[in-house]
Every structure is written in C-alpha cells, then in structure tokens.
Amino acid sequence: MRWFYSTNHKDIGTLYFILGVWAGMVGAGMSLLIRIELSQPGAFLGSDQLYNTIVTAHXFVMIFFLVMPVFIGGFGNWLLPLMLGAPDMAFPRLNNMSFWLLPPSLILLVSSAAVEKGAGTGWTVYPPLASNLAHAGPSVDLAIFSLHLAGASSILGAINFITTVINMRWSGLRLERIPLFVWAVLITVVLLLLSLPVLAGAITMLLTDRNLNTSFFDPAGGGDPILYQHLFWFFGHPEVYILILPGFGAISHIVSHYTAKLEPFGALGMIYAMLGIAVLGFIVWAHHMFTVGLDVDTRAYFTAVTMIIAVPTGIKVFSWLATIHGSKIKYETPVLWALGFIFLFTTGGLTGIILSNSSLDIILHDTYYVVAHFHYVLSMGAVFAIFAAFTHWFPLLTGLTLHHRWANAQFFLMFLGVNTTFFPQHFLGLSGMPRRYSDYPDAFMKWNVVSSFGSLLSFVALMLFIFILWEAFASQRSVISSPHMSSALEWSDPILPLDFHNLSETGIITYPK
C-alpha cells in the first residue's frame, strides 16, 4: 500500500520509471507493428484505419507515457530535491496525484484505440478528419479525455517543480549556480505550464464540435480547421522542446562527470542557450503549417526564426564538445550514449534546418523525410539521453551496478538498430513516399525492407536492456563509492542506495568573498 499513498519523491520517481518502462514497451510493440506492415508492399493489417490507429497510439504513448514520465517524473522527482539539497518536493501529495492521473490517462488512450474503429487521426488529431463526420463514435473523445488527464498531470507537476526550485534550494545556492539538469527541468516545466492550457482549449473545442454541435473548426458554421492547427502547434512545438530539454540537462551532467570536470564548458552560456530555445520555441509553431496557404511574409518569418533556434542549440552542442576536448575521457556506458546523443541529435538538427526552409518543406511536408528528422531527434535524442541518464544514475537510484560489458553491447546494438531504421527514411522522403499510409508502390520497397530490419535490431536491443536490468537486480553488485566531483550534489550522501529520507536538514553553501 505504501506505493499508493506515498508522498516521498523517490518512491514517486520510481513509480514514474515503472510506468515509463512499461509504456515504452507498449509503444515499441506498436512501432514494430508499423514496421512489419511497411516491410513489404501489400497489406499486413488489412486496414488503413487500423494502421493509422496504431500510428496515433504509438506517438501518444511514446510522448506522454515514456519520455515525459521518465525524464520529468522519474529523473526530475529523483534528482531535483537531491541537487537542490531539499528534503522533498514542495507539494508531496500533489506530486502523488500527478503520478496517479497518468495510469487512468493511459487506460483511456488504449481504450480509444480498442473501441469501435479507433482514433486513426495521427497524433495531431486534425479536424475535419477528427470530426464526428469522419470519426463517428467515442474513440476520438476517449483520446481527448486521455490528453486532458495527462495534461492536468503535467500542469500540476509543473507547479510543483517550479515552487520546489524557487523555494527549496540550499541556503546560498544561487540560481546561476544550480546544476544544469535542474535548470533544464525548470525551463521544461515552465514550457509545459504555458503551452498545455492552449492544447486543452483546442481539444475541448474539438470535443464540443464533435458532441455539442458547435462549429469552432467547421466552415459550415463559420469556423476554420486552420484555427485548430494554430492552437495545436502552439502547444506542439514547445512540446518537442519539453521532450528534449531534460535530455540536454542530463547530457551536460554526464559529459562533465566522465571528463572529470567540475562543470560543463560555459555553464552559464548553457543556461542562457536553454532559455533562448524556450523563448524561441513559442514563436515558430507555424513552420508545421507551411502547406496550408500562409502568405509569403508569414512563411518568411517562420523560416527565419526557426533557423535562429539552431544558434542556441549549436552553442549547446559545441559546449559539450568543448567539455570533452582535451580531457582523459572514461569510456563507460553513459559516455557512449552521450556521444551517440551529440552526434545523432546534431544529424537530426541538420535535417531540421533543411525542413525549416518553407520552399523545401512544401515538397518534403508529410513525407518520410519529416519522420526521419523527428525520429533522429526523439528516438536518438530524447531516448539516447534517457539511456545515458539511466545508466549514469542507476547506482544512485538502486545502489546496484549494471553489467559493464553487456550495457556497452546493448548501446552498440541499439545504435546500429535505430540508424538502420531511420537513415533510409531520408531517402524514402526525398523520393516522395508519404507518411501515414499502410501501403506503397514497389519502387519504395528496398529502403523500407532495410528500415524494417533495423527496427528488429532495435527491438532485440530493447529486450537486451530489460535483461540487463533483471541481471543487475538478480546479481546485487552493490556500489562501494561514487567517483563524483564535489560539484555533483546528488551523490554527496556516502551511503547508496539513498535512504528513504536522505536529508534530515538542509545545508548551506558559502562563497569566498
């Protein structure tokens, strides 16, 4: 029962991890179904609607039930109080509620796919396809309610994290000195707090359009489906930065830890870069809508500002490289993930720069080029960062160590798998293969076969990861000590795993005058 009503940040963080791992398996299973369908021309599932329902559910599960719970809920809950020297989160019971809103939300999402014909709208849920005309029945409504719950969970969590960071720091721990992961999560939850209400408004209007005969998005009643797209992407674009920013913070910690440095190169610049990304992230949303007939000045503006986001992102990438430069790096598993992250995230960023050109995007929009782009930054950005953070902080969370050689092998297998899956999709997109179709002309077969083979490699790597987890718990190799630098506050308690309540009183940090 302790897990149900726990108000302890470590317990709740662990619950988020369990939910995230489980949902990650579900989402990975869906992605395998997608790749099996596309592994050869002709039908496998036999229905485009079913295929699109799987695509929709895959996306929602991976975004709202894997990346966000693990990074913000799992690592955020576990590490923020430790890095700030706080005894717990500011609102422990609210924290508990934030977690317990997620399982019902996940159940609603799975139900939406299971009842009637499912929500085959894609994760963007655009009307008129999502209207009661094209999607009669309760499926889309269930998906909307699922999003409402997940959004409420995130907003409550955001309030909690913001309050914790502002009020519960060690005396003397000035804002510019708090660790980069704390900054990353703080900026992330501010983005959540500002963008989720807009999504809630959009999907509530969609709900009333579907059930109460309003016409927010129906031209017949004076509405406009483009309004929905503007509202959705005003949330959707900050959302993709919400997914990656905690990863930035984690990678900063890992890179400086394994290069034996007290802090990453240009730590203050890193904070400003994240702030810059956060601000710019709110004013570029229409680059997802270059094909809907925006006028030329609007397209020019969104192209230009989207390209400007590359500047703070580039600052971060080069600062990580500068941190690594000249150091005697210890090639342990988290470093491999971090280096893989830097390389592949940069690749995804470059395809993003290409897509930010409105003229090119009109050709590439809704092709597999876009799929390849965002899977490079998510599947090899956010997910690699999760693996890096998990392998790095696993001894802190459990007091146990992972099997070194197997963890390394799992990285190389996963690296091979995701690249084999997603690199060929750039070629498919450039040849004009569209997204969200369950079948394709024979001309596209070669690269689809390669891509589907890569997905099997990734799946084996995932199973190997689950085995490595089991092996670590089964073997019980305890941590003796941590080789951390004095600036890494979360490791400062000498006894691992950390006690249920590790801080009986808060500390004080003094500075030389």
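Each residue, glycine too, has its Cβ placed from N, Cα and C.
Annotated Cu cation-binding residues in Swiss-Prot are His287, His288, and among His237, His253, His325 the one listed with them is His237.
The stretch from 142-162, 265-285, 377-397 that makes the most Cβ contacts under 8 Å with the transmembrane segment (304-324) is 265-285.
A separation of roughly 21 Å, to the nearest angstrom, links the Cα atoms of Gly42 (Ca(2+) binding site) and Asp366 (Mg(2+) binding site).
Within its own chain, the transmembrane segment (377-397) is flanked in space by residues 13-14, 17, 62, 67, 70-71, 75, 78-79, 240, 243-244, 246-248, 250-251, 253-254, 257, 332-334, 337-338, 340-341, 344-345, 347-349, 352, 407, 411, 414, 418-419, 421-422, 465, 472, 479, 482, 490-491, 496-498, which lie at least six positions past its ends and keep a Cβ under 8 Å from the stretch. Around the Cβ of Glu37 (Ca(2+) binding site), the number of neighbouring Cβ atoms within 10 Å comes to 23.
With a threshold of 8 Å between CB atoms, the same-chain residues lying at least 6 positions outside the transmembrane segment (265-285) that come near it are 176, 180, 183-184, 187, 190-191, 194-195, 230, 233-234, 236-238, 240-241, 245, 248-249, 252, 302, 305-306, 308-309, 311-313, 315-316, 319-320, 322-323, 325. Same-chain residues lying 6+ beyond the ends of the transmembrane segment (453-473) with a Cβ under 8 Å from its Cβ atoms: 24-25, 28, 31-32, 35, 387, 394, 398, 400-403, 406-407, 409-410, 413-414, 416-422, 424. Across 60-80, 142-162, 335-355, 411-431, stretch 142-162 shows the highest tally of CB pairs under 8 A with the transmembrane segment (96-116).
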